[in-house]
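What follows is one structure encoded as structure tokens, with my remarks underneath.
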Amino acid sequence: MSEHSLQTPKAKSKAHDVFRGTVFQAVLLGLISFTQPGIWTAMNNLGAIGQAEPHVINAVNVITFVIMIVLSQLASMIGNLIGMKWIVAVGTLGYVPYSAALYCNSIWGTQWFLTFGAVTCGISASALWPGEAAIAVGYPEVARRGVCISIWMALGKLGSIIATAIQLAINKDSNTTGAISPSTYLVLVAIQCLGLPLSLLLAPPDKLTRKDGKKPIFANSQRSFKTQFRGFLAQFKRKEVLLLIPAFVTAQWGVTYQGNYMAAYFTVRARTLAGFIIAVVGAISNVLAGWWLDSKHLKRTTEARWSWYFLLTLFTLVWIWNLVVQERWARESPGEIDWISESFGEGVAIFILYQ
């Protein structure tokens, strides 16, 4: 009895260290990413938004991204005041209404609900993206930062793998273009509902356990909104931030086009298979990127520079390739592209490189 009582505190302490450790926090972030933008991406890969009228699609996308542009900065500043954990929690609330709107549109054609869902999704994304990115970069030790970031990103892709695998089982016989099975939406909405409870498990910075014994700091000592706003404006004077703006724009520029591209040309099961392949390739790429970032063979400045050159070259070549293929298909339509069609490989390869 006495021996058991002496070991119990140690066991509890070890479990506490694991739960509050940076790797477990990265896993939590990955699962949150899985349930929120991961499911959103899976739906986009299926061309779910492409089932609405074109003018509604354009309005929905504009609303979502304009809200993100305006509110993301505000969410970051508020996060420094109240804690990034709570910003992430808020970021899990608005994806479900958007997915529910896609379901209602597929059944009853209620496209007004999509507009409402676009607003809630935009607000949540404005909070979730900066919140989880700040935690993913700020929580880990410097020596393990690349690994922890890759865990976060890879688990987000793992969510898409699971989601698209479910969709593939449901839609495997849909060898024509058109709507995906309504039951697909119900499964994905159920998964998205797990985001909020997962976010509440995140550790606050002062309770985090790191191997280097340090605690991450997310705000300066003057915890006022005015000070946070000045600090935010100061970031845009940094050369590193200005040089990354083209990459930020390029990475998101084709998102609205890609959903319409898949819905217009590919059958339901072809879109589902494409989404599955994208998720697998993305997860592998994230793990390799994490290994590269934590590599001791090169200086961090050299790693960053060569990573930038690689991404710049890749983005440029993919855009050129896509323009050539799109122009060819505009002149001579490939028809419905199924996974057994000759055009499937080329069409999906472009989409994979985008992602």
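Heads up, residue numbers simply count up from 1 along the chain you see.
Any Cβ shown, glycine's included, is placed from N, Cα and C.
Curation does not apply to TrEMBL; its annotations are automatic.
Annotated transmembrane segment per TrEMBL: 21-43 (among others), in sequence order.
According to TrEMBL, the feature transmembrane segment maps to 55-74 (among others). Long-range contacts of the transmembrane segment (55-74) within its own chain (CB-CB distance under 8 A, at least 6 residues past either end) are made by residues 49, 111, 114-115, 117-119, 121-123, 125-127, 129-130, 232, 252, 255-256, 259-260.
The transmembrane segment annotation in TrEMBL covers 86-108 (among others).
The transmembrane segment annotation in TrEMBL covers 114-139 (among others).
For the transmembrane segment (151-170), the list of distant contacts is 23, 26-27, 29-31, 33-35, 37-39, 41-42, 45-46, 132, 136, 180-181, 183-184, 187-188, 191, 269, 272-273, 275-276, 278-280, 282-283, 286-287, 289-290: same-chain residues at least six beyond its ends, Cβ to Cβ under 8 Å. Per TrEMBL, the feature transmembrane segment maps to 151-170 (among others).
Outside the transmembrane segment (182-203) by six or more residues, the chain places 19-20, 25, 28-29, 31-32, 34-36, 39, 42-43, 46, 48, 85, 88-89, 91-93, 95-96, 99-100, 102-103, 106-107, 135, 159, 163, 166-167, 170-171 with a CB less than 8 A from a CB of the stretch. According to TrEMBL, the feature transmembrane segment maps to 182-203 (among others).
Annotation comment: TrEMBL describes 241-261 (among others) as transmembrane segment.
The transmembrane segment annotation in TrEMBL covers 273-294 (among others).
TrEMBL lists 306-324 (among others) with the feature transmembrane segment. With a cut-off of 8 Å between Cβ atoms, the residues of this chain six or more beyond the transmembrane segment (306-324) that come close are 243, 246-247, 250-251, 254, 289, 292, 298, 350, 353-354.
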